[in-house]
Each structure stands twice: as structure tokens, then as C-alpha cells.
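Asker: Below: one structure in C-alpha cells.
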Amino acid sequence: MAELPVSERNTDPAHSNGRFTISTLISTEDNGRMHYGQTDTAPYDTTQANHLTTNSTFYMRTFGYNTIDVVPAYEHYANTKITSETKNPRPTLADLHSFLKQESIHLRPPAYELHRDDGLSEGETEEGASDGAENPQGEPVRFGWAKGVMIRCMLNIWGVILYLRLPWITAQAGIALTWVIIMLSVTVTTITGLSISAISTNGKVKSGGTYFLISRSLGPELGGSIGLIFAFANAVAVAMHTVGFAETVRDLLQEYNSPIIDPTNDIRIVGVITVTVLLGISLAGMEWEAKAQVLFFIVIMISFVNYVVGTIIPASVEKQAKGFFSYRADIFAQNFVPHWRGPDGSFFGLFSIFFPSATGILAGANISGDLKDPAIAIPKGTLMAIFWTTISYLVISATIGACVVRDASGNVNDTFLVGSLGCEGIACDYGWNFTECARSHSCHYGLMNYYQTMSMVSGFAPLITAGIFGATLSSALACLVSAPKVFQCLCKDQLYPIIGFFGKGYGKNNEPIRGYMLTYIIAIGFILIAELNAIAPIISNFFLCSYALINFSCFHASITNSPGWRPSFRYYSKWAALFGAVVSVVIMFLLTWWAALIAIGIVVFLLGYVLYKKPEVNWGSSVQAGSYNMALNYSVGLNEVDEHIKNYRPQCLVLTGPPSFRPALVDFVGTFTKNLSLMICGNVLIGPWKQKLSELRLTSRGHTNWLTKRKIKAFYTDVLAEDLRTGAQILMQATGLGKMRPNVLVLGYKKNWQEAHPQTVEDYIGILHDAFDFKYGVCMMRMKEGLNISRWMQAHMDPDALVAEQQASTIFQVEQGKKTIDIYWLFDDGGLTLLIPYLLGRKKRWGKCKIRVFVGGQINRMDDERKAIISLLSKFRLGFHEVHILPDINQKPRPEHVKRFDDLIAPFRLHDGFKDEAVVNEMRHDCPWKISDEEVTKNKAKSLRQVRMNEILLDYSRDAALIFITLPVGRKGRCPSSLYMAWLETLSQDLRPPVILARGNQENVLTFYCQ
């Protein structure tokens, strides 16, 4: 650890709250510093930025020599933006390894950053201070695990089901199965709580709660869909809980004969007033909202104590008439077993009723931005809330099942002499006869019939009513706060249109005021409907969708083995998380199958929208890690697969240079390789190493983005080399991975070969020879207007400008209609000349084109040769049915065309017929591209063949959409580059359609066998 002056150390005990304590060994001088070897234990909060920077004296004392290297510091890994100080990043690799920029040597002296004041909102420390003029200075409210998470989750879990339905469930299922129902529900919520704990401790958690956790784990697609429906579900849940409160108030008004208007409108009036008051509490700030939650918590705890005290107090006659007899072993024994009754009298029927009361565990996570340390608060608070609420459910079900019989009349005159005949039921032993109403199922009291049993049992009934009020209002308030917080984070990510307006925050806590108002309007709308029975199951399923995806996020992040998955919370299991995800989906269908289908349908729709829009966000999700794992496993698995002709795919290395310079070449290859095979765009950078290295780093990503914008499924790679041929050799040898390696080299025709330096032509032809040596097939593309459009582009090297510029249109992006694709299969190259046009014809833009095959033949055997080729093509199953035999291919070309060829090669001839052999050899050594008279004579027939083929092409294919010709091969070392280029020039000149000169590697790429 580096030395600090004593005066700069933070000795305030209030700041000694870090999770790590670091001991430093500091050398001493006479000015009062400690002697070397003594330890000073100083608190060090690892969550705060540490501004250790370089300084000559400091590093001379620390390392023994001066260095610009820096010690590890928080600020090097955080996205912190502190307006009062200039951030001092670590030196770049170039600074350490190559050269040091002049401005890099002006470094600040080392000093710890002052303890970061909690008054800085998260938006200021992590995302930059936005709207600084509008945000008042002051400390934002930050909560710990108890007040921020545990109490909030407990209040959200406790609800009216606890007070009004748990006794009834106990009567139906018995104490034993009620505990089973509780434990099954708690199992799901506990597994989800463990998953939340793992995800929330895998890095710094910001505001956004459930949406933030899922989106940063599974990516924006699933995270965005869940975030939207989860925020909406919370907004509607505000209405649900408020209506629950309003119904209780209405019942009280009716009990005392004091209705406001009528039952329905009373709910609306009380509901609107209540939600308006709750909105006022929320707008007052998180501190007031937290105080209100604590008040509700105290009320509920008092109601619990009141209930427990009531079970101990001896039962009065009125309570006995309603079925309460205090703790009795025989009542416990009778209520221990189930007694199903009514349409909901089944295990899963009661489970579906009880399970929503176990939810609410996300209330603490949803305000993650308002927690002091979410990594500690969320796991501890959530799991503690699940534990204590589970205990409360188990205790209440057991105690009430031991005190109250299932059926009671409530009539104090139904007393009975113990031991008399004609009485059935456990109440007979206590002097009460409820036989008549029990047989007719007309009893109004008892666990099975009276929902207010807890009020009846309690010592003071109004306190139970207060507990119901506290449970409903606290849940409504928690949802009213959760919905805008989650929605605000979703709005800031801009995954969906329009909603960004609601993402603006106000005040020291960055409160989403607009989100509060939107939630308030939604809640008012559903309160005015006053009929939530249809929407309630959908909301429950929305919450279960969130549980399922949280569990799946934990499982998926674990199964991908990503090095970035390092949660500090270790008490989770990926298989338990998967089980929780599956069970959550199953419970969705057990609750309401049609609501489950609606919820899943909405998730899929929103997922499809984000997949279509492809937002430009990169959160390092587990889906990305999974994609890498899948690609790696499949690529390695290909090594075990033997190659077979049936599975041959043309995997193309395209020498495009910058892909945007030759869009036609890119579009041509991208058309037939899309969703079929590998395409790699190669670029050779020629020039000084240092200069081109920076250019390589600058432009690589821009070229990849250009391909993506053009919807070309291809890779981009570039190399530095001394010349084009060396670079191409590197690409052909090193590009690819395992079996995913190119086998076809695609390049453009060198249109300026006559004006270019002869050595560049020599290198160009050398690339073709190298391709054949490496067993590559070759495709060369020529267009009349040329391929390179760089002279028309304004921003050659700016990658952002390349992507922003309007894309150049090419013939391969246009519907071709009913034209023809002409294939001149002059020589058998293994079938590549046939395969590429076949693949091209399968694409929509070229699907209407008729494919014609031309082959050479003798005039006296035309029919036989045509039948033979048709038979061969039919065995290949290519669907080519129009075959033409060219009997005149060996006729002499017209004299004017022969003269044009002679004029073409004239500048490159040696004219060595009358020169001494030594002089000729010296000339050939200095100019290997020159053509000797002997080479002209030896290759005369082949030269005339190219002239004649050009005449045939002009006769037959002048109006074709695309022409494929078998590429002639020049023998290496025997055919000068200028002569070979003259052949290609002559063969393809004056043709309007694009010309593809293709040659396989003389190995079969087509077969008509099944094995």
C-alpha cells in the first residue's frame, strides 16, 4: 500500500464503515511519521474512488525508482465522473511500451479522494450530473437493509389474504396441508430470493430494481419486456390494494348504516381519496414514504400481538357461539387434516388462492437506487423478510387451527348438555350443538364460513381492522413507489419509443415525478372501474413472469461459465434457480391458464419488438456469454466432423480492402453466403508500421458496423504487411478457426493493370497462384463501371462517417426479374462454377432468373454432348435444364479482334527474336512480366481462344443479368503476368453485365451420391 501523509488520512469514525481494513507499512522520518515496520490500521472504503496518481517522490519511495505506472485504484475501474476533479486514468499501453505523450507527464501528486459524500446522487457519481441547476444540493435519502428492504418486503408480502383467507384455507386444507401450501410457496420465493441475492451482488446495482437486474443479466430483449409489464403490473397493483382497503371501509360504513352513496361508488370515492393521499406521501420524498411504511409496520405488529393475546384470553360465550374455544388439543387434531368443501376445495385450488400472499419479495429490490449498499441490503433484507413472514404464516395457521372449530352458528342459544345424544362435532364436548347448521352448510361462523375469524379471536377487533388497513395501504404505497422507479430506468435506456419523457428525475433523490403521475393516473383508472377480478390474475402472472426470469437469469449466468459472473453471495444453486423458473411458469398456469397465456404473449410481443429494433446497448449479458460458449463449442465440435462433399459450402475470403470501397463485391458474396456459409472481408494495410497500426485500431470497428448496417453477415479482418501479396498470403493462411476456414478467394478485377506499376500486376497475379497453392478456389469479379468507389466517398478513414453515410446501391440489391444467369462451364473445375450461381438463384432477388449453361462441343456430336451434360446436371439436382453446346468455340476470331489483342500486349513484349540470349535473360530477370516472342508463339492458341470466347459472350450474353465463366489458369513461371492479364481483359471486355471468373481447386464440390 502506498504511503500517505498523516494529515491526509481519514480518521473520522463515521467513515469507518468499509468492508475491508487495510494495514499499511510506512517508513518514517523525523516529522512525526511512523517508523517502517509499524502498522497503522486505517479504514478504507472500497466502494469509494481512490485517487492514487503518479508522482516522482511518491513512486521513488514506493518502488525505489520513478515510473509513470500507477498502483491499483478504484477510479481506474469505475465510470465515475467527478466534476470538481480531473480524472486521472491509468497510462495506456502505448505510454508504457512505445512512447509517452508530452501531456501524460503532467500528473497530479498522489492523494486519496475525499470520502465521497452520500449527498451525491447516483446519477452524479455514475452517470454524470444531469440537470445540475435543477437538482438542489443536499444528501439523498439512503436506506439500510432493515428499513429499506426487510420491512418493505414484509409489508408487501403481508396482505388481506393473511387476515381474511388464511383461516379459511386452514379449515379447508387442514393445518398439515396448509403448512405444505405455505412451504411450497415459500420454496419458490426463497429460490427467487437467492437468485436475486446472487444477481444483485454480481457488480454495482443501480436504480431500476427488477428490470435492472434482469436486463443487465439476460440483455435488453427480455429485460425490456419484463420491465414494461412489471412497471404496469405494479401500477395496477396500486389500484388492487387500494380497492381492498376501500372495500373494508365500505363494509364498516355499511355495518354502521352510514353509506356515502352506494356500495360501488363508495369504493370509488374512498379509493380515489386514498390513492391521492398515498401519492402525496410519495411526492413528499422517500424519507416520508419510509416513515409511513414504518408506521404501517408498527400497526401490523400490534395487530399480531393483539391476535396472539386474544388466543390466550379465555373465550366468552359470544366467541364460543362463533366457534372459538381457546387452545384445545382435540380441535387441533380435527383441524390438522383436510376437509374439502366448495368449488375451490382442492389442494391446487387453495394453493392458487394463497400463493399471491407469498409474493412481494421484490419490493426492496425495486428501490435499489435508494439503498446505501444494494449488494448487502437486497440479499439480507429479502431473505430475512421471507423468513419472518413464513414464520408468521405458519404460526397463525397453527394457532387459529387449534382454537376455532370449522362450523359454528353464532347463536348463543345453541348450548348443549355434554353427554346428551343427537349432537355431532367436536363442539359437543364443550357444550355447544352446531349439528343442524353444519349438516345443511348454513353456518355463518367458524373457520370454514367466517372470513373475519382473526378479528373475532383477537383481544380487540378494531386492531385487526387496523392491521388490514396497514397491510393494504403499505402494499399500495410500495407498488406506487416501485412502478415509477422501475419505469424510470426503462425510460432512460430508451428501448421503447415515446416513453423517454417519463425518465426525467427531480431533486436530490432523482425522483421520477412524471412516473409517479403516470402511475397515479393508471391506478385511478382501474379504481374507477371498481372491478378487478378479471385483471388480478394477469397481474399475478406478470409477477410470476418476473420470478421465472430472475431465476432463469441466475441459472443462465451460472451455466455460461462467464468469468464476469462472480457474485459475492455464494448460497445459491444454478439447478435450484432453474427449478424455481420452471415452477414459476407451472404456477402461472395453475393460477389462471388464460392469464398465463396473455402474460407470455405480451412478453413475446415486446421481446420481438426489441429484437427487431436492436437497441445499441451492451451490458455484458449472460446471453452474450452464452452465444460465445455456443459458438465455441460448435466450432470445436466441428473438428470431430469429417468433411464430406455433400456438406461442402463455399467459405469466402473476400479481398475487399475497406468493405465500403467495394460494395458490389461485398453484396455479391454476401448474397449467396447469407445464412449459408462463412464470409470474411479481408483488408491489407500497406505502409509504415506505426502509422498503419493506429489506422487499423481506428477503422476496424467502423468497417464492421458498416457491414452490419448493410445487413451483410460477414466478419472483417485486417493485417499489416509490406505489400499486397504478403498480406494476402497472411490472410489465406491465418484467417478462420478450425473447420471454419475460407476455401474460396474472391477478389475484384484489376481494371488499371495497364497503367499500374508492373510489379503491382506481378503481385496481383501472384495472389492467384498463391490461392491455388493453398488449395483455394478463386472467384474474380469484373464490372464495366469498376468496383472501387472510394474516389466518390467523402470520408475515407472516418469509421463513424462511413456508417452514417448513405449506403451505395448495387445491382445485387435490386430485383432482377426474368433475366438470365449465363454459366460458361468451359472446363471441369470440380463444380464451383456451377455451385455459386445455383446458390445465387435460390435467393429472392435472383429467383426469377433463368439459368443457362454453355459448354464447348463438336458440331457433329452436339446432340450427344448436350444429352450427356443434361444427364450430368440432372444427377446434380441443380435444376438447370437449359443447356447450349458451343460448336463454334474453336473457330478463328475476327481479324480486327486479333489485332486488338496484339495491340494490347505490344507494350509488354520483349521483342527478343534477334537479341543475344544473355541480353534476353538479363531483361527477363529485371522485368519478369515482359512477354518473349517464344511465349507469344507457344500461347497463341490459348490467346485466340480468349478472343473467340469474348465474341461468343457478346453474341449470346449481351443482355444477361450475370455471367459466370470458368477462369483460365496460367501456368506459374511459364505465363508472364502481363500476358495472363491480357487474356482476362480480352475475355471479359465490352460486356455490360457483371462477369464472374470462377475456378475451383479441381476437387469435387458436387456429388450425385447419397453417401
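Backbone N, Cα and C define each Cβ position, glycine as well.
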Asker: Can you dig out which of the ranges 347-369, 600-622, 945-967 TrEMBL describes as transmembrane segment?
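Answerer: Checking TrEMBL against the ranges 347-369, 600-622, 945-967, the transmembrane segment one is 347-369.
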Asker: With DSSP as the reference, give the number of residues of the domain 'SLC12A transporter C-terminal' (662-800) in helix, strand and coil.
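Answerer: Residue counts in helix, strand and coil order: 64 helix, 28 strand, 47 coil.
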Asker: Six or more residues out from either end of the transmembrane segment (513-532), which same-chain residues have a Cβ under 8 Å from its Cβ atoms?
Answerer: 232, 234-236, 238-240, 242-243, 246, 264, 267-268, 271-272, 275-276, 279, 282-283, 480, 483-485, 487-488, 491, 501-506
Asker: How about the transmembrane segment (538-559) and the transmembrane segment (149-169): at least 3 CB pairs under 8 Å, pairs 6 or more apart in sequence, or not?
Answerer: no
Asker: So which of 175-201, 266-285, 381-402 has the most C-beta pairs under 8 Å when paired with the transmembrane segment (347-369)?
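Answerer: If we count Cβ pairs closer than 8 Å to the transmembrane segment (347-369), 175-201 scores highest.
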Asker: Same chain, outside the transmembrane segment (266-285) by at least 6, Cβ under 8 Å from its Cβ: which residues?
Answerer: 141, 238-239, 242-243, 245-247, 249-250, 253, 259-260, 292, 473, 476-477, 480-481, 507, 509, 511, 513, 516, 520, 523-524, 527-528, 530
Asker: Does the transmembrane segment (294-317) come near the transmembrane segment (571-587), with 3+ Cβ pairs under 8 Å (pairs 6 or more apart)?
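Answerer: Answer no, regions not in contact.
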Asker: Answer with yes or no whether the transmembrane segment (460-483) touches the transmembrane segment (149-169) by the criterion of at least three Cβ pairs under 8 A, sequence separation 6 or more.
Answerer: yes
Asker: Tell me, please, if the transmembrane segment (460-483) and the transmembrane segment (222-246) are in contact, taking contact as 3+ Cβ pairs under 8 Å between residues separated by 6 or more positions?
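Answerer: Contact criterion met.
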Asker: What same-chain residues lie close to the transmembrane segment (175-201): Cβ under 8 Å, and 6 or more beyond its ends?
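Answerer: Residues 166, 169, 213, 217, 332, 335-338, 347, 350-351, 354-355, 357-359, 361-362, 365, 368, 374-375, 378-379, 382-383, 386, 390, 393-394, 397-398, 401-402, 547, 550-551, 553-555, 557, 567-569, 571-573, 576-577, 579-580, 583-584, 587 contact the transmembrane segment (175-201) from elsewhere in the chain.
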Asker: Quick one: average pLDDT across the domain 'SLC12A transporter C-terminal' (807-1010), no decimals.
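Answerer: Result for the domain 'SLC12A transporter C-terminal' (807-1010): average pLDDT 87.
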